[in-house]
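S.K.: Please find one structure pasted underneath; my questions will follow.
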Amino acid sequence: MSDMRTLGEFIVEKQHECPSVSGELSSLLSSIRLAAKIVNREINKAGLVDIIGASGNENAQGEQQQKLDVYANEKFKAAMAARDQVCGVGSEEDDDVVIFSEKHGPNAKYVILIDPLDGSSNIDVNVSVGTIFSIYRRVSPLGQLATMEDFLQPGNKQVAAGYIIYGSSTMLVYTTGNGVHGFTYDPSIGVFFLSHENITILNKGSIYSINEGNYITFPKGIKQYLKYCQENKPEDNRPYTSRYIGSLVADFHRNMLKGGIYLYPSTATYPSGKLRLLYECNPMSFIMEQAGGKASDGKQRILDIKPIALHQRVPFFVGTTDMVKKIEEFLERNSD
Ligand code: P6P
């Protein structure tokens, strides 16, 4: 008998087991679930209506915004604004944070950081894309408007994080610090069913995910790590395999289920790395650590980095613990 527990039932069940997971947080996770269903519907019919393609605007990164980027951003922000738990949202798609000033805003306890549609350049070639979210308790006083300090907290202060992957099936994967759990969406009845309880990454991995087109400008330690992978075999004796989709959520999800590592080091184009600390690296690192893996900028734990800017970028190495440690060794050995 397959487990017919729904995401909603699971959230309530875990709320009773974990006092730290408050009712407000449960309600906030439910609003993310609603927005995910709405965005999923548009992604799945994107090929049929004129919603694919550039919106004609640029986001904070100077990247061409795809129409679905804009749509997803608006839907997730609207879902957050409609609930009493969120006092502000920081999004990849917005230059600055959005502070909820009316109604419940000043008395709400949480802020959320979101990449509403990561990998969106893949939308019009039908490759999996994803939404990434990160939730913190505010540090500014209740009764006042949220401040930037509420958003610039280190990743080790997250109370919840997760992603939705819009792929061959749509899944929502999240953690509140008590393991990682995956739910698969049944669009015929509009319900997310528990499909992957307590996801744990394999101790041994053989997959590495990196854009080798940037090889020339990689740090020496990264070049040596790639050479190590090509000349050696992991202990399970299968050769290393290079798999890179160009969509973080898709590469991350496959590596978490099969074992492996995702790497985005510094490059000539992105001297500090391409991935954004607040709404990509921190949530994915929280999830990976909860699944038994490791996440580093090459020198330190991602979750211990004190953010200084909303769209701050960092080098990002995340996945099977031994593989991340091996990269840190190569980088240490070749540090200038
Ligand atoms: P590149 C998408 O823009 C993204 O942020 C991640 O989803 C993805 O892994 C990476 O950038 C791809 O970057 O430089 O390899 O195209």
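Positions of Cβ are set from backbone N, Cα and C atoms, glycine also.
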S.K.: May I ask you to find which of GLU92, GLU93, GLU102 TrEMBL records for the Mg(2+) 1 site already listed with ASP115, LEU117?
M.R.: GLU92
S.K.: Which residue of LYS223, LYS233, LYS274 does TrEMBL report at the same substrate site as ASP118, GLY119, SER120, SER121, ASN211, TYR244, TYR262, LEU263, TYR264?
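M.R.: Same substrate site in TrEMBL: LYS274.
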S.K.: Can you pick which of GLU9, GLU231, GLU235, GLU280 TrEMBL lists for the same Mg(2+) 2 site as ASP115, ASP118?
M.R.: GLU280
S.K.: From the DSSP assignment alone, can you count helix, strand and coil residues within the domain 'Fructose-1-6-bisphosphatase class 1 C-terminal' (203-331)?
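M.R.: Helix, strand and coil residues of the domain 'Fructose-1-6-bisphosphatase class 1 C-terminal' (203-331) number 57 helix, 19 strand, 53 coil.
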S.K.: Less than 6 Å between Cβ and the nearest atom of ligand 1 is the rule; apply it to the binding-site residues GLU92, LEU117, SER120, ASN211.
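M.R.: Going through GLU92, LEU117, SER120, ASN211 in sequence order, those close to ligand 1 turn out to be ASN211.
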S.K.: If you skip the near sequence neighbours and keep only those at least six away, which residues in the chain come within under 8 angstroms of TYR264 (substrate binding site), Cβ to Cβ?
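M.R.: Once residues fewer than 6 apart are set aside, TYR264 (substrate binding site) is near ILE210, ASN211, TYR270, GLY273, LYS274, LEU275, PRO315, PHE316, PHE317.
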S.K.: Other than ASP115, ASP118, GLU280, which residues of the same chain sit close to Mg(2+) 2? List them in sequence order, counting a residue when its Cβ is within 8 Å of the Cβ centroid of the site.
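M.R.: Going along the sequence, the neighbours come out as GLU92, GLY119, GLY130, THR131, ILE132, LEU248, VAL249, LEU275, ARG276, TYR279.
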